Number of protein chains: 6
Amino acid sequence: MKSPLSHLNARGEAHMVDVSEKAVTSRSATAEGFVTMAPATLDMILDGTAPKGDVLATARIAGIMGAKKTSELIPLCHPLALSKVTVDFEPDRDNACLRVEATAKVDGKTGVEMEALTAVTVACLTLYDMCKAVDRAMGFTGIRLIEKTGGRSGTFRAR
Amino acid sequence: MKSPLSHLNARGEAHMVDVSEKAVTSRSATAEGFVTMAPATLDMILDGTAPKGDVLATARIAGIMGAKKTSELIPLCHPLALSKVTVDFEPDRDNACLRVEATAKVDGKTGVEMEALTAVTVACLTLYDMCKAVDRAMGFTGIRLIEKTGGRSGTFRAR
Amino acid sequence: MKSPLSHLNARGEAHMVDVSEKAVTSRSATAEGFVTMAPATLDMILDGTAPKGDVLATARIAGIMGAKKTSELIPLCHPLALSKVTVDFEPDRDNACLRVEATAKVDGKTGVEMEALTAVTVACLTLYDMCKAVDRAMGFTGIRLIEKTGGRSGTFRAR
Amino acid sequence: MKSPLSHLNARGEAHMVDVSEKAVTSRSATAEGFVTMAPATLDMILDGTAPKGDVLATARIAGIMGAKKTSELIPLCHPLALSKVTVDFEPDRDNACLRVEATAKVDGKTGVEMEALTAVTVACLTLYDMCKAVDRAMGFTGIRLIEKTGGRSGTFRAR
Amino acid sequence: MKSPLSHLNARGEAHMVDVSEKAVTSRSATAEGFVTMAPATLDMILDGTAPKGDVLATARIAGIMGAKKTSELIPLCHPLALSKVTVDFEPDRDNACLRVEATAKVDGKTGVEMEALTAVTVACLTLYDMCKAVDRAMGFTGIRLIEKTGGRSGTFRAR
Amino acid sequence: MKSPLSHLNARGEAHMVDVSEKAVTSRSATAEGFVTMAPATLDMILDGTAPKGDVLATARIAGIMGAKKTSELIPLCHPLALSKVTVDFEPDRDNACLRVEATAKVDGKTGVEMEALTAVTVACLTLYDMCKAVDRAMGFTGIRLIEKTGGRSGTFRAR
């Protein structure tokens, strides 16, 4: 019996799925996540001038570089020649959090959901690292895929 | 004026902090996170025999290997000679989620909070990858440091 | 005079061969190897329940991830977007050894022999690492390419 | 019950063993392996001047760099600050093979057996890659640890 | 207003440019650089037999492997499936320097200027490392792109 | 006869030098380099607000992360647990260039000259990448070690 989990074979063993018969199509994926923190930590990131630039710039670069490492980090991911990666931040002072959104694109045989999610999580980790000296209680929440397009399974949009 | 964010210099520029004067002490950190999913997805991971083994074993290995990549992923992290990494999973059928907990240890000049958090997030990402064919709406929530010991700042425990 | 060794130029210097004029074709390669060990070590891997799963699952994941690192490890290998990697184990109690077989596929301009061989050797190394506490005299033997298809040189099958 | 396999916990799950309580001692390990080939292939590697240099030099460099990647390749290996790596080749025209020997040293809490074995296997893989255009039937045999010193388990010498 | 710097978006934030709409074309790039040193250092590299081979062979291999790491090193570079990399050295005894030239090729959506420049700089760094015990005052000068072909912007030749 | 080049053995073959008998001392190294460009390119980097931040911030992060990759890039470099890395930029409008300076520190058995030089060159490469769309004729010049301290050979200062 074939497992419904595509990364396992009939014996339940892990393998890197054969995608050689799949068509090369244009695919994209967007993921999001939220870094929760003390209001004063958010102020520190957003206010002032120089620090703001470098905290967010560092997290953005880390997220983009992280997306390129996806197939090294996730055991059964296929290596992909990404054609685009963006990472954006949106502060939410009311909820004392920073929203992270990442989009990845590829022309390939498999999707880029993992690349978008990896970009978000590495950006979150970097924000934690940059600010942990003042706020060790920061956390990450609501990390999820919000949209993907392309490929056999078509478009997905989170509700 | 020195920035309260240790990873920025007085001009707000990123740098890898000088830890050469810090003492080598025994340090540990434990982080947790939750992968939310449809109840049927959790059943698929937990029930049966072979698949269960390989889904969780793959995520565990990915988390451990991810911890070793922390200083490659997080721009300003110091490279560390980790002395221990563990990743554990605990299913919560009532809330249809899987709890991921990771612990890292080092004898070094800086802490291993980032290594523990990286292990958790890479394990979460791998669980998503293994199950995304059946449940694209999975998400990660409650990722945070729950305890750290050692170093100048001493013990931290999340409330 | 052109060297018969394609990775050397006319002066005998190493280079990464120009494959830009080669056609993209579907290619596959399968390699094998044998890990020899004490009969009691093989029993320990095969018998019982939990340990078995994790020893072989860890070696399988390591082999698959190793295949993706081939072009980082082998100086003159071209980077390839692998479309499939599998690693399988077959115990041979009569000869107290474990057979490792790996298959790699790609649609590309160069073959995947090195990827299949790398998957086998990294899986062997991981088995050694998992069991070395009880059997340091384990060894690897008979590592070789057993079949390749596709590309200008066509099909090869080991005798 | 504790597993006799140190890389598994009591539930048979993989973990990176805690070495924080172990002493830092001077450790070394030497491994060997043999690349079998057609006599004409060995002649091609050994005869002439320039090609010889670059085939063996490339495999030596690859083996040394491979040793440094051990903890990235082998899931449960601890990262180590290697203090020495050497890779040597010894041709055996009578048996049409090339012997590869690698030695690694470290002052650390865990041994360097895996680093020596990884250096040997990556050097073997590179020799295959350099010569596969003329001899796809090359193979690797007799890869094993021949000596290790240091650490709690003391000296091991292969018989 | 769109920034004239393609790696920045309208808000001046870094991103990995979207190349999904660009055509796959055959592209090449050649870069050069010069390692300046004491005349005696150059003699040591060039004279004799064995050392010469291994110093230059090591730097050549490092340059080729460095080119394959370009997208890991340069944050906004797209990963590319390089189809060729060569690194050559030309001694200039009159000026006591060694000229390094590297060429990279790809069939892809973006150019390989960075890969050629990375190969040159990593080869330069390796030459420094090999010789620094006798000449710490070595330096690198005149590193630049000398030609690129292919892509929308066409051919560039340094004056 | 021992080669004066420490990275070669008596037969002129490359090896990773045995540093196990060397003392752990506090070591630092500072390197510099210059990126030459058209005056308008320098203006573009320095003027305005947002772009400036991200071009220099990206190059700074890349240089710091590059320093951590030194032992992966340079074949015979020992892996080091860096305790500090900084990368700074100083514009020189008169000469239409940007000076890059990097400092690395370690408590270890070998020096950090290569880490400082690698940080400088990767920062230079990143600046090229960020600005190449407007100025392909940029170049790197005057890359050299300007100071090192610690270790058996003591302090070096470039003249």
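Note: Cβ is positioned from N, Cα and C throughout, glycine not excepted.
Automatic prediction, not curation, is the source of TrEMBL annotations.
Per TrEMBL, the feature domain 'Molybdopterin cofactor biosynthesis C (MoaC)' maps to B:16-151.
Within 10 Å of the Cβ of B:Met114 (substrate binding site) there are 27 other Cβ atoms, across all protein chains. Classification of B:Met114 (substrate binding site) by DSSP places it within a helix. The substrate binding site annotation in TrEMBL covers B:Leu76, B:Cys77, B:His78, B:Met114, B:Glu115.
Shown in sequence order, the list is empty: the chain has no residue 6+ apart in sequence with a C-beta less than 8 angstroms from the C-beta of B:Asp129 (active site). Taken from TrEMBL, the feature active site covers B:Asp129.
The record assigns B:Leu76, B:Cys77, B:His78, B:Met114, B:Glu115 to the substrate site; their largest pairwise CA distance measures 13 Å. Other Cβ atoms within 10 Å of the Cβ of B:Glu115 (substrate binding site), summed over all protein chains shown, number 29. Cβ contacts within 10 Å of B:Cys77 (substrate binding site), excluding its own Cβ and spanning all protein chains shown: 25. The C-beta environment of B:His78 (substrate binding site), restricted to residues of the same chain at least 6 apart in sequence and closer than 8 Å, consists of B:Met16, B:Val17, B:Val19, B:Ser71, B:Gly108, B:Lys109, B:Thr110. Broken down by DSSP into helix, strand and coil, the domain 'Molybdopterin cofactor biosynthesis C (MoaC)' (B:16-151) contains 50 helix, 45 strand, 41 coil. Within the same chain, residues at least 6 positions away in sequence whose Cβ sits under 8 Å from that of B:Leu76 (substrate binding site) are B:His7, B:Ala14, B:His15, B:Met16, B:Val17. In sequence order, the recorded positions near chain F (CB to CB under 8 A) are B:His78, out of B:His78, B:Met114, B:Glu115, B:Asp129.
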